[in-house]
């Protein structure tokens with residue numbers, strides 16, 4: 001009897017181990033409830049202070065999370081500096097002299113490490129900081145799933161190939177987001193993140209001088225601060241309410257006042273027009289759908305369980 005029950009015990013034990021493995025590979029909203037219970041309030045405090053001092057920082061932290069997740073998944077690879085074994089993602093065309101907010105992430109990481117050393121990943125900090133930035137600028141929040149671990153490598157080539165470009169057509173945008181599992185509506189709603197922040201002149205120069213689907217007075221006003229030659233880093237707001245997370249981005253598109261070529265592609269006689277119209281007239285549906293899409297984006301290929309590591313310093317591996 002004892003010998004016959006042994007295999008059953010082994011099978012049950014094996015299934016238990018499998019179950020533990022499955023659970024450990026999943027993200028959860030209460031991942032740090034016992035190991036670092038004050039992490040969320042700590043991150044929020046730093047983000048609120050940073051955004052209060054400079055509202056544009058909210059957009060920068062949101063973008064940092066996006067540029068992380070679309071390359072290798074949400075693993076904080078975007079934060080890694082170059083090493084002798086790999087070139088990081090910060091010099092990729094969509095990132096170079098563009099992504100920012102590193103000092104805020106440093107500040108958060110330093111405070112969190114003081115609270116609970118070696119527990120909270122940089123990838124999770126990016127995810128929470130993005131959510132808190134949206135809320136700080138008047139947007140609706142969402143429950144951030146936690147438990148990501150940090151990558152030990154980064155990919156310059158993937159950053160150059162996987163991030164959408166400011167000159168993309170609608171088809172290129174749809175293909176780019178579809179490659180990450182997002183449909184056209186999710187692509188449009190995530191693009192609505194451009195309702196906050198500013199962009200550099202070099203990203204919209206071609207649009208304001210060459211595009212025809214642009215409001216003429218809008219183009220003229222932008223040319224004053226973005227000459228045809230020079231002034232590459234001069235800034236312009238991405239929508240008419242750059243410091244408020246609202247649906248003005250979509251009403252601007254209806255008026256042909258999208259700042260980037262890729263923005264206006266969402267409302268240019270194509271398949272996304274009706275989606276833009278919907279969000280332009282229903283601000284609450286934009287907020288709800290954006291929050292849901294951000295949760296989905298935060299689930300892109302996270303490292304969990306024993307994969308990756310918890311970096312002590314977000315800019316280099318342990």
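In case you wondered, yes, glycine gets a Cβ from its N, Cα and C as well.
Database features (TrEMBL):
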type     : residues               : note
BINDING  : 68, 71, 73, 75, 77, 89 : Ca(2+) 1 binding site
BINDING  : 164                    : substrate binding site
BINDING  : 194                    : heme b binding site
BINDING  : 195, 239, 246          : Ca(2+) 2 binding site
DISULFID : 36-116                 : disulfide bond
DISULFID : 69-74                  : disulfide bond
DISULFID : 122-314                : disulfide bond
DISULFID : 201-226                : disulfide bond
DOMAIN   : 26-318                 : domain 'Plant heme peroxidase family profile'
SIGNAL   : 1-25                   : signal peptide
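A map of TrEMBL features onto the structure.
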residue: 36; record: disulfide bond; contacts (Cβ under 8 Å, 6+ apart): 112, 115, 116, 119, 120
residue: 74; record: disulfide bond; contacts (Cβ under 8 Å, 6+ apart): 65, 68, 123, 126, 127, 148, 297, 298, 299, 300, 301, 302
residue: 75; record: Ca(2+) 1 binding site; contacts (Cβ under 8 Å, 6+ apart): 68, 123, 148, 149, 150, 151, 301, 302, 303, 308
residue: 89; record: Ca(2+) 1 binding site; contacts (Cβ under 8 Å, 6+ apart): 67, 71, 77, 78, 80, 95, 154, 155, 156, 158, 159
residue: 194; record: heme b binding site; contacts (Cβ under 8 Å, 6+ apart): 238, 239, 249, 259, 260, 263
residue: 195; record: Ca(2+) 2 binding site; contacts (Cβ under 8 Å, 6+ apart): 238, 239, 241, 242, 244, 245, 246, 247, 248, 249
residue: 201; record: disulfide bond; contacts (Cβ under 8 Å, 6+ apart): 225, 226, 227, 231, 232, 233, 234, 235, 236
residue: 314; record: disulfide bond; contacts (Cβ under 8 Å, 6+ apart): 76, 79, 105, 106, 109, 122, 125, 150
- Euclidean distance between Cα atoms of residue 69 (disulfide bond) and residue 164 (substrate binding site), Å: 12
- Task: Compile a sequence-ordered list of residues in the same chain as residue 69 (disulfide bond), six or more apart from it, whose Cβ lies below 8 A from its Cβ; state 'none' when nothing qualifies.
- Result: 297, 298, 300
- Any further residue of that chain within 8 Å (Cβ to the Cβ centroid of 68, 71, 73, 75, 77, 89) of the recorded Ca(2+) 1 site: 67, 69, 70, 72, 74, 76, 78, 151, 154, 155, 158, 159
- Note on the structure: Averaging the pLDDT values of the domain 'Plant heme peroxidase family profile' (26-318) gives 97
